[in-house]
Amino acid sequence: MGFAENGVWNTGWYDTKASGGRFLRTTTQFRNWITPDGSAGPSGAAGFAAEEGRYHLYVSLACPWAHRTLIFRALKGLERFLPVSTVNWIMRERGWTFDPAPGVVADPHGAATMFDIYVRADPHYSGRVTVPVLWDKQTNSIVNNESAEIIRMFNSAFDGKGARSGDYYPAAQRTEIDALNARIYDRVNNGVYKAGFATSQDAYEEAVFPLFETLDWLEDRLSTQAFLCGDRVTEADWRLFTTLLRFDPVYVSHFKCNLRRIVDYPNLWDYTRALYQTPGIAETVNFQHIKGHYFQSHDMINPTAVVPAGPLLDFARPSERQVVLA
Ligand SMILES: N[C@@H](CCC(=O)N[C@@H](CS)C(=O)NCC(=O)O)C(=O)O
């Protein structure tokens with residue numbers, strides 16, 4: 001774990017002292033958008049047109065935020081537009097590295113760490129060195145490092161260039177998707193991190209109870225409809241999925257999110273399997289990287305770095321839900 005300060009790497013765990021033991025996520029800094037014609041997107045600068053051979057995606061297979069981008073790349077058939085490099089699952093003193101190991105795909109330009117990529121984009125970069133990163137080979141810069149925005153652009157930017165059809169953020173459902181995303185981000189996607197990285201009892205309880213209230217609410221919603229916005233899968237489902245997938249294998253024990261498991265919720269468990277079984281999605285899932293990352297990187301939570309063998313989960317067991325893609 002570490003961060004960059006004016007282009008220099010510093011090691012250190014998240015500082016929760018000033019916030020009463022609370023984990024506060026910092027805002028990502030590269031916020032440009034790839035658009036069909038290179039015009040500016042909702043934030044950042046213009047100049048990033050949807051083109052083949054220009055962009056590169058850096059991910060961790062362990063990370064739920066980066067996982068979203070791999071899912072949209074698969075759903076939209078963007079493989080030829082977006083080659084991928086995959087970091088090693090262990091994130092310790094040097095942050096994310098490309099140290100060779102099964103499933104690691106090196107940086108084509110020979111970077112040893114993700115820090116190298118950030119300072120290549122900005123030699124004076126200060127901030128966290130996170131994945132995912134969407135890289136522009138033409139300008140040698142980072143287009144965007146915010147997963148919520150990267151999946152939005154993947155949803156439509158390459159549509160005129162041969163992307164697979166499908167709109168996971170349809171105009172008619174945007175208000176509903178935005179509202180679901182906001183609630184689920186704060187209490188579930190980031191809620192598990194707030195519980196797991198809390199260093200005080202109050203901070204932990206402030207996160208863990210709203211997390212389970214929200215899972216209960218989602219279970220109820222999914223008892224009357226197949227997906228969060230009805231019978232079709234939308235962006236809101238994929239954003240929830242990457243957290244649900246990691247919940248029982250990691251968050252229940254490692255992050256102490258243990259009031260219930262996903263397998264205890266009949267609808268959430270069925271829903272998670274339906275999304276997992278969607279064509280192209282299981283190939284984006286690597287439980288060795290997922291479990292290895294959390295249990296072997298966070299030494300203040302799990303100092304022995306021993307990875308638990310279980311739980312035994314059958315994500316391939318058929319689901320009752322019929323996946324209707326956008
Ligand atoms: N807001 C970012 C968050 C990404 C993020 O926090 N990624 C984690 C991995 S799961 C990371 O790289 N953490 C490294 C760090 O915080 O130093 C996004 O959604 O893209």
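Any Cβ shown, glycine's included, is placed from N, Cα and C.
Listed features, source TrEMBL:
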ACT_SITE  CYS63  active site, nucleophile
ACT_SITE  TYR193  active site, proton donor/acceptor
BINDING   TRP96, ARG128, VAL129, THR130, VAL131, GLU146, SER147  glutathione binding site
DOMAIN    170-294  domain 'GST C-terminal'
SITE      TYR251  site 'Lowers pKa of active site Cys'
SITE      TYR294  site 'Lowers pKa of active site Cys'
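The full span of the recorded glutathione binding residues, TRP96, ARG128, VAL129, THR130, VAL131, GLU146, SER147, taken as their largest Cα to Cα distance, is 17 Å.
Checking the recorded positions CYS63, THR130, VAL131, TYR251, TYR294 against ligand 1, the ones whose Cβ sits under 6 Å from it are CYS63, THR130, VAL131. Across the domain 'GST C-terminal' (170-294), the prediction's mean pLDDT works out to 98. Closest to TYR251 (site 'Lowers pKa of active site Cys') by Cα-Cα distance, out of the recorded positions CYS63, TRP96, VAL129, THR130, is CYS63. Scoring each of the recorded positions (TRP96, TYR193, TYR251, TYR294) by how many neighbouring Cβ atoms lie within 10 Å, the top position goes to TRP96. Here the candidates are the recorded positions CYS63, TYR193, TYR294. The one whose C-alpha lies nearest to that of GLU146 (glutathione binding site) is CYS63. For VAL129 (glutathione binding site), the count of additional Cβ atoms within 10 Å of its Cβ stands at 23 [all protein chains shown]. Separation of the C-alpha atoms of VAL129 (glutathione binding site) and the residue listed as 'active site, proton donor/acceptor': 17 Å, rounded to the nearest whole number. Secondary structure by DSSP for the domain 'GST C-terminal' (170-294): 91 helix, 2 strand, 32 coil. Among the recorded positions CYS63, TYR193, TYR294, the ones whose Cα sits within 10 Å of the Cα of VAL131 (glutathione binding site) are CYS63, in sequence order. In this structure the alpha carbons, written CA, of ARG128 (glutathione binding site) and the residue listed as 'active site, proton donor/acceptor' are 16 Å apart.
Separation of the C-alpha atoms of TYR193 (active site, proton donor/acceptor) and SER147 (glutathione binding site): 16 Å, rounded to the nearest whole number. In this structure the alpha carbons, written CA, of TYR294 (site 'Lowers pKa of active site Cys') and THR130 (glutathione binding site) are 15 Å apart.
Put simply, CYS63 (active site, nucleophile) is 10 Å from THR130 (glutathione binding site) when counted between their Cα atoms.
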